[in-house]
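Database features (TrEMBL):
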BINDING   A:30-37, A:149-152, A:Val178, A:186-189  ATP binding site
ACT_SITE  A:His37  active site, proton donor
BINDING   A:Gln61  beta-alanine binding site
BINDING   A:Gln61, A:Gln155  (R)-pantoate binding site
Protein chains: 2
Amino acid sequence: MLVVRTIADLREALRPARREEASIGFVPTMGALHHGHEALMERARTECDVVVLSIFVNPTQFNDPTDLERYPRTEEADVAIAEKNGVDFVFMPSAEEMYRPGSTIEVRLDGPLVDSLEGAHRGSDHFHGVTTVVTKLFNIVQPEVAYFGQKDAQQALVIRALVRELDMPVRIDVVQTVREDDGLAMSSRNIHVKGRDRERALGLKAALDEAQSAYDGGERDAAALTERAVAAMKPFEVVPEYLAIVDRVTLQPVETVEPGALVVIAAPVGPVRLIDNTVIKDTAQLTRSA
Amino acid sequence: MLVVRTIADLREALRPARREEASIGFVPTMGALHHGHEALMERARTECDVVVLSIFVNPTQFNDPTDLERYPRTEEADVAIAEKNGVDFVFMPSAEEMYRPGSTIEVRLDGPLVDSLEGAHRGSDHFHGVTTVVTKLFNIVQPEVAYFGQKDAQQALVIRALVRELDMPVRIDVVQTVREDDGLAMSSRNIHVKGRDRERALGLKAALDEAQSAYDGGERDAAALTERAVAAMKPFEVVPEYLAIVDRVTLQPVETVEPGALVVIAAPVGPVRLIDNTVIKDTAQLTRSA
């Protein structure tokens with residue numbers, strides 16, 4: 001496994017693979033790697049000839065300077081995890097390598113996909129930062145497939161739209177959320193969730209579970225279902241920043257809940273802000289297939 | 001030569017070339033092809049294995065709806081010119097093929113490079129339209145080299161900045177302006193310049209020539225040199241929209257003129273707006289090498 005820190009070095013390192021028409025799988029991350037990231041690496045390792053992992057805490061997508069400063073950096077551990085998972089190249093550029101002085105480039109989508117939910121609460125500049133850095137990374141790595149986690153459901157939709165609207169020759173693969181044994185969705189920010197907050201963090205999953213079981217119980221009204229989900233967080237002393245039931249493609253709120261609807265949630269827990277989501281499953285089908 | 005109208009068809013057509021690692025040269029145009037475009041095709045033909053020419057009158061880069069409506073479309077003649085110049089693939093998408101309904105993507109640079117000169121007079125949305133469509137076209141064609149004309153000097157600089165800031169794996173080659181025998185810079189818009197206006201159009205080249213000969217005569221003050229260049233247009237009854245002497249890389253105005261300075265001009269002539277430019281040459285060197 002090779003660790004490279006400059007764009008030129010990565011291009012050079014990937015040259016033989018490109019010459020041999022090897023398929024390149026790409027896992028872009030902000031580091032602090034966990035089992036969720038490992039699932040992406042595993043998928044890439046299975047599907048592609050060459051696996052590139054990038055670790056770059058992209059300053060332009062942070063609305064909150066404290067969040068950026070506090071974002072965990074675990075470089076040595078990350079490299080070990082990448083190696084264990086069969087990554088071929090780890091790309092770890094500095095902020096100066098990615099954004100030269102005076103750089104003004106911005107790749108942006110507009111509209112509900114970037115303005116709603118995370119966009120509404122973190123500001124739509126968050127997703128402009130994401131789409132800009134992902135475009136740059138895709139141009140640098142030129143992967144055949146890039147892997148993203150379903151935990152960041154809105155981000156995955158934004159990236160899909162980006163690739164479609166810019167006609168990028170990249171396939172986007174979205175991999176299921178990986179959870180701790182107790183249900184907490186894996187996140188780099190979990191490292192800051194300690195003690196009592198660690199128990200409180202289960203409030204997010206409790207809300208998602210409640211949404212599904214309310215649906216299983218026959219509830220189809222989005223407002224009522226939302227109310228029940230919010231109520232389920234109360235014992236955890238967690239109040240959501242938002243909890244919404246939306247179309248899983250457009251992210252527009254739905255009034256009547258059908259299978260495939262996306263339940264999304266963001267909530268502050270102790271010093272961090274966590275997000276999670278689930279897709280409502282068809283109870284009848286579950287029962288039939290059981 | 002193959003004419004294709006969809007992104008999917010072009011990708012399919014280019015697949016064998018990409019498999020064989022052929023170098024792809026790309027000439028993006030808005031059609032109404034003239035000798036200036038032919039110089040780009042010739043250069044591409046000399047340097048690359050495969051030559052792709054695109055013809056797309058990009059609506060998002062027109063600030064003036066009348067200019068867009070009036071922009072010449074000469075499809076049959078263009079295809080013949082492309083064939084004559086050894087183009088392999090002509091890509092002629094519709095506006096709907098390039099911009100799907102609801103598309104909101106924008107690739108934008110900000111700052112003086114896009115805000116000055118053409119940006120100031122056409123609005124900086126002009127260059128946002130250019131950078132967005134060029135990014136899309138580059139993603140579709142994936143060329144090794146793309147060819148642009150020096151006549152659109154600012155556009156060439158903007159594209160170079162775009163490629164650099166987005167880390168696109170494309171080399172930009174800028175080809176010298178081609179002129180009519182009397183000095184008028186080739187432009188698709190010249191088709192609308194008729195009769196007396198055709199003579200008036202020579203005012204732009206006269207101004208550029210005057211700037212060089214003032215420099216040759218020892219004038220180094222940009223303001224004085226500009227004044228003389230503007231005065232040289234008077235007999236042609238042409239008043240510039242702007243006439244500026246700027247740094248050829250940053251486009252910032254210079255106070256003292258040195259070799260390499262860029263003289264840029266835009267002026268309305270009859271029903272259209274023409275642009276032209278020249279780079280100030282070192283007189284002493286010219287004399288020595290003669």
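From the backbone N, Cα and C atoms, a Cβ is placed for every residue, glycine too.
Long-range Cβ contacts of the residue listed as 'active site, proton donor' within its own chain (separation 6+, distance under 8 Å): A:Val27, A:Thr29, A:Ile81, A:Gly149. Counting only same-chain residues six or more apart in sequence, the Cβ atoms lying under 8 angstroms from the Cβ of A:Ser188 (ATP binding site) belong to A:Met30, A:Gly31, A:Ala32, A:Leu33, A:His34, A:Tyr71, A:Pro72. DSSP assigns A:Met30 (ATP binding site) to coil in the three-state reduction, outside any helix or strand. Between the C-alpha atoms of A:Val178 (ATP binding site) and A:Gln155 ((R)-pantoate binding site), the distance comes to 16 Å. A:Val178 (ATP binding site) has a Cβ environment of 18 other Cβ atoms inside 10 Å. The Cβ of A:Gln155 ((R)-pantoate binding site) has A:Glu118, A:Phe127, A:Val130, A:Phe148 as same-chain neighbours under 8 Å, each 6 or more residues away in sequence.
Distance noted between the C-alpha atoms of A:Gln150 (ATP binding site) and A:Gln61 (beta-alanine binding site) is 18 Å. A gap of 20 Å separates the Cα atoms of A:Gln61 (beta-alanine binding site) and A:Gly36 (ATP binding site). Residue with the densest Cβ environment among the binding-site residues A:Met30, A:Gly36: A:Gly36, by other Cβ atoms within 10 Å.
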